[in-house]
Each structure stands twice: as structure tokens, then as C-alpha cells.
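A short worksheet on the structure shown next.
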Amino acid sequence: MSKRADASQCGGVVVEFESDDIRDARAKKARSIPGSALIYLKGPKFLIYVSGALSMWGDRMWHFAISVFLIELYGRNLLLTAVFGLVVAGSVLLLGALIGDWVDRNPRNKVAHASLFIQNISVTVCSIVLMLVFSYKQRIEQIWDGWLTVVCYTVVIVLADVANLASTALTIAIQRDWIVVITGYNRGHLAGMNATMRRIDQVTNILAPLAVGQVMTLASNVVGCGFILGWNLVSLIVEFFFLSRVYRIVPALSVKPPVLEEDQVFLQQMEMTQGESSVAQPQALTEGNCNTSLHLKEITDLPLCFRRFRWLVSTCKDGWRAYYRQPVFLAGMGLAFLYTTVLGFDCITTGYAYTQGISGSLLSLLMGVSALTGLLGTVMFTRLRKTYGLVNTGIISSCLHLGCLLLCVCSVFAPGSPMDLSLLMPYISTNSSTELGRMASQRQKHTFPLRGGSNQPLLPDRSSIHWTNNTVLFDNVPSGTAPESYISIILLFLGVITARIGLWSFDLTVTQLLQENICESERGVVNGVQSSMNYLMDLLHFIMVISAPQPQHFGILVIISVLFITTGHTMYFVYAHQAKRKPRLDT
């Protein structure tokens, strides 16, 4: 078999993957030419990196700041934050397929520019509203008996959600479509760009919240809003210019297979069916033809709003159907299952760590180490892919991820673990409840107390919390108390940190599989549905925490998370088996 190319025909466009050796030879020849550094700085890859870095930096700052702002607005209560999280997850879950379909149906430059404009303008307007609310909060609360405050809250959440939807569309367009075209469908260069974009994302995830957090701490929330506002306006201009230049210097981006409207396809099929039947039997009018004519008339006679609603429903249905029939469906589902986990550096895990006696400064240090291991995972991905191939890279990454997470399972049963299954059992009698209470008190000595009670939630009241980059820093920490043993929490974080090497390598593997195996005409809608699946599985892990909120329950959540992750990797193993078996069957 020739190593020259692997070609597949998608939507009328032939997608050719050139061999890595040829591309590498061209790259070496280009690097030997004087001034190649300047050529690279003006090239599409560097422009995409800079544009992506600006976009990611703005996203990370905004996602961190909006959570703090909503907590401050509602009297340091979690209600607005919970509502915002629910609205964001629900909107992407419902509209992911529609966003992807919109990306597929429109020219690439219009999609990128519209998404960029909507995202940055929404954040800018939302920042202005927040500045007004913070500056005149007392006056606003006196207008309309306080209802103007509710209106301001609603406007902030809606604008923030619109910005998140636009960011989702921009991510699908640039990181799932443009990159594939810019690399010339070369697998090696595609893997390199994916890894570089992920490294940029990891770095901005640490530095951007830290930067805006310092501005908000040293100045005020109003100044923080102004800083984000100014950043988004400048970023909008720079990103717009860079993306426009990339679109001009890469002619292949202007070539896109057309996508017919679903109603047009249906009407054309019906007209063809009617035409064939009329030629065959010009004088006869059968019952089937009558039904077809009535159905066509029924569609065209529907009011415009009903036709639009029917189109939206059919688009969502067709998007999920297209996702299901993809050859990489199991790989995508496997990646989505990895989102149902408490084994990540979010507020859930950091809140639990504090109950076990881990300080905020140490948590910040651990987050930095986890970011470094994530970067190591991107490096490992490029090496493994070049040596063993993309599918085998996913298998190796899955095994490494699961192997490291076994440390987290061991932490549940290690000394110092606060897990107490008796708290989930109903009290049958007074004697049994007394015995269970004595057992709970014995286990409770392993838990770092926050309020002196034995029934505290996993996350304590945020009135005593400062949030910086998903790390919890407490003011009124009780002194003189410590868990009996730190072995459990050490094993937990050792597993979480080392597992990120395999996690990010696996994530990049599935991302490139989706890029390589999805037809160009369906690339947007399938990735939109993938985003919906990710948000759906992410919602499940919050439901898990709500169902078992105490630190004594966290061990159960760890076991459930590992089961979900194992299920996801099992799906990928099935896909890998099918992918390796298919070439043998073809030969």
C-alpha cells in the first residue's frame, strides 16, 4: 500500500492527507531559507495561534470573573451562579446541533467574524451593565420595588450565555475546521497544531484568571469589569484582522461544499417522485400520489413560524443522527463520558481538599503542577502519534489515564479517608441509629471541620471564601485541627495530577479523529453535537454532587467517576478494535 496519501471523498470535496515525510521535507527546506522566521510570523499558523491565544485569554478571564461577579451581586449567595451554570449548560445542550449546522451552512469567514463579533460585543455590553449595577446598586434596588435588579440579573445572565454560545461556534469553526484546512490535511501538522492550541489553552487557564483576579483584588469589581471591557474591544480588532488575513492567504478556506436546506431536499425528492410516476402512468392518480400531493401542499401552506420551528426540530434531529452514524461515534461518546467526574481541579475537588486540611496556597501549587502535567500530555501525544499512530495513541493514553486513576480509588479506602457508607443508610431503630451515630463520630475525626458540625456540605458557605482560578482560599480556618492521616488525600491528588497526562493525550487523540474522519459538510454539526454531549455528561457530575454533598460521600463520587471514565475508555477500545479490523476486512 502506498504511503503517498489517504483520500476520502466528503460532500463532493476530495480530502487528501499527504504523508508526514513529504511535509517534513518541505518544512526543513523552508527553514533553511533566510528569513523563514519572518515568513512564519506572517504565516497562517502563527496568526491562528495569536488569535486563539487572545480569544482563550479573554474567555478564561470572563469565565472566572462572571462567577465572582454573580456571587457578589447576590449577597455572596450561590443562586445566581447556579442559575448561570444551568442556563449555559442547557443552552449548549439544546442548541449545539443548531450552532454546528449554522457553521456548516455559511462561508467560513462570515461564521468566524459573526461569532467573534457577537462574543466580544456581548461581553462588552454585559461588562457595562455590571459596572452600572456595582456603581448604583442601592439606587437600582429602590426602583420598581427591586424588580429592576432582577431585570439586570437576567440581562447579565442572558448576555453571558450568548457570549458562551458564540464562543462555542468560534471554537468549532477555528479549532475543528480551519485548522484542518490550514494544515493541508496533513496528519502530522494537524497533530502539532492541535497540541500547540491545547498548550496555549493550558497556560491561559492559569495566567488569565490570575491576572484579572489581581486587578479585581487591588482595585475593585468595577475596575475589573472595565479591564475585561477594554481587553475584549482590543481583542476584537486584532482577532478580526488576523482571521481575515488567514482567510485571504489560505485560498482553500473559501472552498466549502454547499449544504441544501432540508425542506429543499425533501421537496426535490417529492418532485422527482411525482415526475417519475407521471411519466409511467400519466392518466392514473393513485392514492399514494394523492397523499404525496397533500403532504407537499401541507408543507408549503404552513405558516412561516411553524415552518421555521419544524426546520429547527428537524435540524437538531438530523444533527444527532449524523453524529450517531459517524465512524468515530464511539470515540466521541467515550470522550463525553470523561466529563462525568469529580476528579478534576474544579471547586468540588478543591472544596473537598480543604475539608481534609489542605491549605489554599498548597492547592494553588498543586494546580500549577497539574497544568505542567497537562502540557506534558500534549508533548506525549505528538511523540506517540508519530511512533505508534493515532488509534494506538488513544489506547496508550486510555491505559495511562485509568492506571493513574486507580490511585484515586485506593485513596477512598486509605487511612485518613472520611468515607462513611453508614450515612447513606436509613435509620431502622433508635438503637441502630445510636450505633450509626457513634460510628459516624469515629469517622468524623478524619475530616477537617469547617463549622464544628458533623453534617457540613461538601462546599461550605462562600461568605468565607475568596475564589481565585477555581482555588478555594478560606479566611476563618479553624486552627489546631488536622486529619488523622494525609495518606488518602495524597493518593487522591497524586492520581488526579498524573492522570492528566493520559487525559489530555486522549482528548487530543479523539479531537484529531473527529477532524480526520468527519466529512467537511458535516464537520460543524457533528462537533456541535459533541459539545452538547460534553455538557450533558458534565451536568451529571453536578447532579452527583447535589445527591451526595457531604465530605463523607466523596469516596462514593470518586468510585462512580472512575466507573464513568472506564465506560468511556471501553467505548474507545471498541472503536479501536473496529478501526483496526476494518483494513483487514478490506484487504
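Any Cβ shown, glycine's included, is placed from N, Cα and C.
The structure displayed is predicted, hence computed values, not measured ones.
Database features, via TrEMBL:
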- 46-71: transmembrane segment (TRANSMEM)
- 78-99: transmembrane segment (TRANSMEM)
- 111-134: transmembrane segment (TRANSMEM)
- 146-174: transmembrane segment (TRANSMEM)
- 328-354: transmembrane segment (TRANSMEM)
- 360-382: transmembrane segment (TRANSMEM)
- 394-414: transmembrane segment (TRANSMEM)
- 485-503: transmembrane segment (TRANSMEM)
- 554-575: transmembrane segment (TRANSMEM)
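No contact links the transmembrane segment (485-503) to the transmembrane segment (78-99), because fewer than 3 Cβ pairs that are 6 or more residues apart lie under 8 A. With a cut-off of 8 Å on Cβ pairs spaced 6 or more residues apart, the transmembrane segment (146-174) and the transmembrane segment (360-382) reach fewer than 3 such pairs and are scored as not touching. Count of Cβ pairs under 8 Å against the transmembrane segment (360-382): among 46-71, 78-99, 328-354, the largest is for 328-354. Counting only same-chain residues 6+ beyond the ends of the transmembrane segment (328-354), those with a CB under 8 A from a CB of the stretch are 360, 363, 366-367, 370, 394, 405, 408, 448, 450, 458-460, 467, 470-472, 474, 489, 492-493, 495-496, 499, 503, 506-507, 510, 513-514, 517-518, 526, 530, 533-538, 540-541, 544-545, 551, 554, 557-558, 561-562, 564-565, 567-572, 574-575, 578. Residues of the same chain lying 6 or more positions beyond the ends of the transmembrane segment (46-71) and with a Cβ under 8 Å from any Cβ of it are 40, 77-78, 80-81, 84, 116, 120, 123, 126, 130, 156-157, 160, 163, 167, 170, 174-175, 178-179, 182, 193, 196-197, 200-201, 204-205, 207-209, 211-213, 216, 221, 224-225, 228, 231-232, 235, 238-239, 242-243, 245-246, 462, 467, 469-470.
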